[in-house]
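This report concerns only the one structure given below.
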Amino acid sequence: MFQYEELNKQFIGGKWQEGSSPNVLENKNPYTQKTFTTFRKATADDVDEAYRAAALAKKKWDAVNPFEKRTILEKAVTYIEENEEAIIYLIMEELGGTRLKAAFEIGLVKNIIKEAATFPIRMEGKILPSTIDGKENRLYRVPAGVVGVISPFNFPFFLSMKSVAPALGAGNGVVLKPHEETPICGGTLIAKIFENAGIPAGLLNVVVTDIAEIGDSFVEHPVPRIISFTGSTKVGSYIGQLAMKHFKKPLLELGGNSAFIVLEDADIEYAVNAAVFSRFTHQGQICMSANRVLVHSSIYDKFLELYQAKVESLKVGDPMDPDTIIGPLINSRQTDGLMKTVEQAIEEGAVPVKLGGFNGTIVEPTILKDVKPFMSIAKEELFGPVVSFMKFDSEDEAVDIANETPFGLSGAVHTSNLERGVAFAKRIETGMIHVNDTTINDEPNVAFGGEKQSGLGRLNGEWSLEEFTTLKWISVQHEKRSFPY
C-alpha cells in the first residue's frame with residue numbers, strides 16, 4: 001500500500017526528485033478545497049532531462065524480449081489490483097470522483113493495459129513482392145521513438161494510461177505531463193505503477209508543472225516524435241499546429257457535444273436511464289457526455305417527466321459518501337463558466353425545468369427544455385451537470401439538429417428497430433455512436449476518436465498500435481541487378 005505523500009515529486013530517469021522551479025503547485029481536494037500535498041514544479045530543463053532519459057532508455061527497451069515486455073505490463077495490472085482501494089481513495093480525494101466513478105475508471109485502466117501488453121508480440125511486418133527481379137521488400141513495424149503525453153483532469157488515470165500503456169507496449173519511451181489539477185492520478189501514480197512493474201529506468205518519465213513554467217517546451221523539444229493530447233479543442237488546436245510545425249505527429253482527443261436521440265418507438269424508461277447516465281456520470285465532466293437530449297415530439301413531455309424524476313433521485317455532494325452520484329466540479333473556474341452558460345441560455349429562451357443551485361464546486365443538476373440549435377448552449381461542450389432538451393418531428397430534423405455542431409465525438413440513438421437505429425446512426429457525423437446504449441463507451445479493442453473538431457487519429461487496439469509505431473521499408477537485392485548506366 002502506498003500513500004499520496006510519496007507521490008509528490010517528479011519522476012525523471014527512474015528517480016523521484018524535486019522540480020527545479022522554486023514555485024509550488026498546490027494539489028487541492030475539489031470538494032473540501034483543502035491542500036493535501038504540494039509539488040515543486042518542473043522547469044523546461046526538467047522536461048529536457050526527461051525527454052533525454054526516455055530516448056536513452058528506449059534503446060534498452062528495444063533489447064528486451066517481447067514476451068518479457070508483456071510480462072512487465074501484466075505486472076502493472078497486478079499492482080493496480082493489489083492497491084485498488086488506495087487508488088479509489090486517490091481518485092475521490094484528488095478529482096472529486098465518486099466511488100462508483102473511481103471503480104469504473106480503474107476497470108478501464110486495467111483493460112487498456114491488458115490490451116497494450118499484447119503489443120510487443122504484435123509488432124508484425126510484411127514481405128512484399130517487387131517489380132525488380134531478385135529483390136525482396138521487407139516492411140518492419142518499429143516504435144516511433146519517444147512519445148509526449150499531455151492528459152486532462154476528468155479521467156486522468158485512464159486518459160493518461162490510454163496513451164502511456166500502448167506507447168510503452170509498442171516499444172516507445174514516454175514523457176507524461178498530467179494536468180496540474182490531477183498530478184497524482186494522471187501522473188505520478190502511473191510512474192509508481194510502472195516502476196514497480198520493472199520497466200527500465202527512464203523509459204517513463206512524469207513532469208508535474210504548468211504552461212506558465214515551461215511554455216511550449218514540452219511540444220517543441222526535439223526528442224518526441226509524437227504528441228498525444230487529450231483536452232479541450234481550443235488547446236488541442238494550438239498543440240496540433242505547434243506539433244506539426246516541428247514535424248511531430250499529433251494525436252488529439254478533444255471536446256464533444258454529444259446528442260442522445262430518442263425516436264418515437266424507443267423504450268422510454270430504458271432510454272431515460274441511459275440518457276441520465278450519459279449526462280451525469282462524473283458530474284458531466286466527460287467528453288462523450290450527452291449535452292443534448294433530442295426527443296421526438298410525440299413522446300417529448302412523457303420522456304422529460306421521467307427524466308426529471310430520475311435526476312431528482314440522484315444524490316449530490318461529498319464524493320466520499322458511497323451513495324453520492326454527483327460530486328464536485330474540478331475547480332471554481334469550471335463552476336463559474338457553467339453558471340454563465342446557463343444564464344445565457346435562459347436569456348436566449350431556454351426554459352428551466354429544474355434549475356440547480358451552485359455552491360462552490362458543487363453544482364446541482366440543471367435541466368433546460370425547448371433549447372434551439374441557434375442557442376449558444378446547444379453549440380458548446382458542457383462540462384458539468386447541465387443538460388439541454390430539444391424537440392424534433394422527423395428523422396431528418398433530428399439528424400440536422402444532431403449534426404449542427406462543430407464537434408463530432410460520440411452519440412446515441414434509441415429505437416425498438418435496431419436496423420433503423422443503425423441506418424440513423426450512419427447519418428450522424430461522429431466518430432462513434434451507439435444504438436440503444438449510452439453516449440459514454442470506451443473499449444480497449446475498438447477504435448476510439450472523433451470527427452470534425454473532436455480530434456485527429458484513433459486510439460485503442462490495433463489503432464493505437466498503428467499510431468504509436470511507424471513502418472520501415474528494407475529491401476534486399478538477392479541477385480545483382482542491371483543499371484541503365
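The backbone N, Cα and C atoms fix where each Cβ goes, and this holds for glycine too.
What Swiss-Prot lists as active site is Glu253, Cys287, and the listing cites sequence analysis. For Gly231, Ser232, Thr233, Lys234, Val235, Gly236, the entry in Swiss-Prot reads NAD(+) binding site.
Across the fold, the C-alpha of Lys234 (NAD(+) binding site) and the C-alpha of Glu253 (active site) stand 12 Å from each other. Other residues of the same chain near the NAD(+) site, with their Cβ within 8 Å of the Cβ centroid of Gly231, Ser232, Thr233, Lys234, Val235, Gly236, are Phe229, Ser237, Tyr238, Ile239, Leu254, Gly255.
Cα separation, Cys287 (active site) to Thr233 (NAD(+) binding site), rounded: 10 Å. Sequence-distant neighbours of Gly236 (NAD(+) binding site): residues of the same chain at least 6 apart with a C-beta under 8 Å from its C-beta are Phe229, Leu252, Glu253, Leu254, Gly255, Gly455. The Cβ of Lys234 (NAD(+) binding site) has 11 other Cβ atoms within 10 Å, all protein chains considered. When secondary structure is read from DSSP and collapsed to three states, Ser232 (NAD(+) binding site) falls in the coil class. For Gly231 (NAD(+) binding site), the Cβ neighbour count at a 10 Å cut-off comes to 20, with all displayed protein chains included.
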